[in-house]
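A short write-up of the structure that comes next.
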Amino acid sequence: MPRTIIEKIWDQHVVKSGEGKPDLLYIDLHLVHEVTSPQAFEGLRQKGRKVRRPQNTFATMDHNIPTVNRFVIKDEIAKKQVGALERNCAEFGVRLADLHSVDQGIVHVVGPELGLTLPGKTIVCGDSHTSTHGAFGALAFGIGTSEVEHVLSTQTLWQQRPKTLEIRVDGKLQKGVTAKDVILAVIGAHGVKFGSGYVIEYTGEVFRNMTMDERMTVCNMSIEAGARAGLIAPDEVTFEYCRGRKYAPQGEDFEAAIKEWEELKTDPGATYDKTIVLDGNEISPMVTWGINPGMVLPVDASIPGPEDFAQEDDQKEAIRAYEYMGVHPHQRIEDITIEHVFIGSCTNSRMTDLRQAASMIEGQKVADHVRAIVVPGSQSVKLQAEEEGLHKIFLEAGFEWRESGCSMCLSMNNDVVPEGERCASTSNRNFEGRQGKGARTHLVSPAMAAMAAIHGRFVDVRKFNQEKTVV
């Protein structure tokens with residue numbers, strides 16, 4: 001019987017199943033960070049248990065670490081969590097990329113970089129954006145702290161079999177339109193709940209033409225569509241990215257692995273529970289204007305009024321968004337000014353993202369009223385960017401160049417947006433208070449964020465493509 005790639009990976013990992021019951025899945029890779037792991041390790045300690053497969057477990061610290069003076073953690077809770085992760089990994093024999101390691105970074109950036117993330121794997125982490133790893137043709141999803149403990153002790157997890165959703169985007173993207181714009185356009189068209197109960201497979205010409213960095217951006221925000229996970233079938237782009245990575249198979253073993261990975265594709269005749277189709281030619285640079293990622297518009301559009309929403313609940317949420325965000329109905333997106341720019345997060349902090357941003361700003365200066373920061377997703381990204389001279393472009397333009405970490409994506413560290421101020425952010429969530437109490441977040445691509453920093457407001461990057469090319 002023809003199967004989707006989602007069904008193939010799921011079936012390969014079922015340890016136990018029962019009619020009408022969740023399946024017990026074997027987990028190939030468990031990624032751990034400092035925030036959701038302390039209670040899980042303590043649970044093991046209290047029960048006298050060991051980590052079942054420490055070789056299948058990898059930890060790093062990312063959420064609440066400073067990106068300036070990274071070894072001086074002033075927040076007491078953050079300091080305790082980082083210290084606990086160091087002690088727990090030492091006690092239970094788990095690999096740890098700590099603040100002194102060149103392998104340290106955002107967990108969803110370093111997993112792929114190190115070759116831990118590979119096609120066909122089941123991958124979990126105590127973080128909702130674990131779906132990022134689906135870009136490799138892996139089944140990857142976030143779990144809660146109690147589930148973290150369960151995976152640590154058993155290397156398995158009970159899960160309800162998901163429905164399958166195909167999102168197909170064909171055509172050719174306009175210059176200046178990026179992977180971030182594609183996934184924001186999908187969410188804008190269908191809302192933040194349409195993926196509930198599904199795992200998404202992204203198909204079509206647009207995704208096939210993306211780099212692995214770009215595919216990770218798309219899969220990262222599957223969660224903002226309400227989905228459990230999202231993935232893209234592996235191909236030559238995937239295989240070449242994985243080749244030679246630290247923990248990937250090497251030599252003949254890698255070639256043998258490719259033979260297996262080539263089978264990880266949806267069979268002809270396989271059916272999805274639902275299919276959504278978009279035209280890539282019609283996608284524009286996108287900007288969120290409200291308080292969830294579905295409140296998003298092309299940069300050359302205007303904010304809708306309450307009368308533009310058919311449902312009363314949507315009208316009420318729009319009114320709340322106007323008040324919180326300090327915007328008004330029918331205001332042009334290009335008339336919105338910003339005070340902060342954040343280029344970083346597990347969504348957009350990789351080399352492709354930094355190159356895109358740098359290509360837009362070279363030889364220009366950040367607007368006087370704007371504070372702009374660039375936070376590489378890992379120490380490896382930081383070092384590579386510095387080798388290419390990207391940091392000089394950012395610094396000369398007036399950006400701050402930071403150490404790796406989650407940073408301003410979430411207000412769990414020193415990098416926050418002050419109350420009532422507005423940030424053009426390459427992160428994945430624009431909820432109320434996400435970047436700080438009263439902070440106003442607009443989600444955009446790295447290219448859009450970079451140009452907002454220069455102009456002090458949102459501008460259409462397509463207008464600048466005669467001089468600046470987004471790579």
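Placement of Cβ uses the backbone N, Cα and C atoms for every residue, glycine included.
According to Swiss-Prot, C406, C409 bind [4Fe-4S] cluster; the candidate from C346, C423 that the record adds to this site is C346. Neighbour counts were taken as the number of other C-beta atoms within 10 angstroms of each residue's C-beta; across the binding-site residues C346, C406, C409, the minimum falls on C346. Shown in sequence order, D62, H63, I106, H108, H129, G344, S345, T347, S349, G405, S407, L410, S427, N428 are the same-chain residues outside C346, C406, C409 whose Cβ sits within 8 Å of the Cβ centre of the [4Fe-4S] cluster site.
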